[in-house]
Amino acid sequence: EDPSLERHFKGHKDAITSVDFSLNKKQLASGSMDSCLMIWSMRPQMRAYRFVGHKDAVMCVQFSPSGHLVASGSRDKTVRLWVPSVKGESTVFKAHTATVRSVHFSSDGQSLVTASDDKTVKVWTVHRQKFLFSLSQHINWVRCARFSPDGRLIVSASDDKTVKLWDKTSRECIHSFCEHGGFVNHVDFHPSGTCIAAAGTDNTVKVWDVRMNRLLQHYQGNAVVNSLSFHPSGNYLVTASNDSTLKILDLLEGRLLYTLHGHQGPATCVAFSRAGDLFASGGSDEQVMVWKTNFDAADYGDILKTQKSDTTVDGTHHTLVEMDCGVHLKKTKPQDSGRNHAQQEEETSLANTLEHIMGQLDVLTQTVSILEQRLTLTEDKLKECLENQQKIIQNK
């Protein structure tokens with residue numbers, strides 16, 4: 001089945017800048033240029049919370065891993081931590097000397113990394129809201145910063161056209177990826193932590209291996225890419241672009257799977273739920289949309305097979321590096337219209353089955369990342385040598 005529009009949230013008075021699901025998928029947070037943060041309930045007939053406190057546009061929002069806190073960054077130069085309940089209480093920390101573009105919790109929920117137009121990336125402790133240190137080698141606005149899944153690395157994307165990789169302990173920049181032809185709007189780690197994807201104003205999405213520091217995949221689009229999010233399985237990537245579309249990229253095949261039309265005007269942000277069965281998008285049309293992932297259940301079966309299969313390298317993976325996904329347009333789906341009741345029930349049971357499969361998949365993907373399997377040719381040669389030695393010993 002193809003992705004389908006599930007819910008539609010209206011309430012913001014200006015462009016949406018950021019969306020994020022809570023762990024249990026019961027809530028969705030959105031930030032907007034209208035200076036408000038909204039918490040939407042995924043359960044029908046439940047009212048949304050509107051949190052007011054920021055003095056200017058809210059640029060970014062994120063739930064803590066536990067879901068008990070929401071962090072937001074704003075053009076008012078502050079970061080706020082909210083308790084997502086009726087009261088909507090928040091604490092403020094004076095974070096930067098300019099707009100805060102990005103907030104991100106470490107996976108243990110203990111640290112927060114923020115990125116700002118003051119050209120710095122800052123790291124904070126969550127519970128005491130204490131400033132720890134700054135990373136300052138970017139020479140222009142920093143649009144986005146993320147912790148790696150294990151919390152050891154930080155990646156940041158900037159208008160200086162670079163993506164920088166930092167070691168959290170030594171606080172040093174380990175590598176700069178400079179291949180972008182424009183500003184870098186968004187960057188994130190693959191769930192395995194072995195690679196990163198970056199989106200830019202040069203209409204591209206690039207995927208880099210952070211162990212070898214080399215380009216793995218390159219998708220050329222027709223419009224500025226504002227945001228991206230990895231599916232928890234690590235096999236798909238969803239992007240939001242200025243041409244109002246959301247695109248789903250199949251990372252294993254290195255091609256475009258779906259183009260989704262829902263927003264009027266630029267699609268500004270997109271995020272998968274923690275289980276991957278839903279994703280949310282926001283646009284400059286002031287709308288927040290929730291989509292059912294609905295990727296074919298067979299796809300998951302195939303992925304499980306691929307993960308168990310032998311890790312050979314036949315050179316095909318290496319041709320993905322410069323692949324233009326535009327040629328591989330498979331299914332372009334317009335916005336889904338209403339569905340009948342039976343179909344919805346069927347979809348619910350399918351979603352539950354998928355969720356179960358996803359749970360198993362997550363365990364699998366953590367242990368064996370698809371990208372780990374794409375052994376480089378050198379590693380492959382080494383394997384061959386060992387096998388040959390083995391044969392010689394046996395012959396003797």
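Every residue, even glycine, has its Cβ placed from backbone N, Cα and C.
Residues belonging to the repeat 'WD' (9-50) score a mean pLDDT of 94 in the model. What TrEMBL lists as repeat 'WD' is 9-50 (among others).
Marked as repeat 'WD' by TrEMBL: 51-82 (among others). Listed by sequence, the residues of this chain that lie at least six past the ends of the repeat 'WD' (51-82) yet keep a Cβ under 8 A from its Cβ atoms are 14, 17-24, 27, 29-39, 88-105, 107-109, 112, 114, 116, 124, 126, 129.
Positions annotated as repeat 'WD' by TrEMBL: 93-134 (among others). Sorting the repeat 'WD' (93-134) by DSSP state (H, G, I as helix; E, B as strand; all else coil) yields 0 helix, 24 strand, 18 coil.
As a summary of secondary structure, the repeat 'WD' (135-176) carries 0 helix, 23 strand, 19 coil according to DSSP. Annotation comment: TrEMBL describes 135-176 (among others) as repeat 'WD'.
The annotation repeat 'WD' is assigned in TrEMBL to 177-218 (among others).
Annotation comment: TrEMBL describes 225-259 (among others) as repeat 'WD'. Remark: secondary structure over the repeat 'WD' (225-259) totals 0 helix, 23 strand, 12 coil, with classes taken from DSSP.
Positions annotated as repeat 'WD' by TrEMBL: 260-292 (among others).
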Chain residues outside the repeat 'WD' (260-292) and at least six past its termini with a C-beta under 8 angstroms from it: 3-10, 12-21, 23, 25, 28, 30, 32, 38, 40, 42, 224, 226-233, 238-248, 333-335, 347, 351, 354-355, 358-359
Tally of residues which DSSP labels helix, strand or coil - the repeat 'WD' (51-82): 0 helix, 18 strand, 14 coil
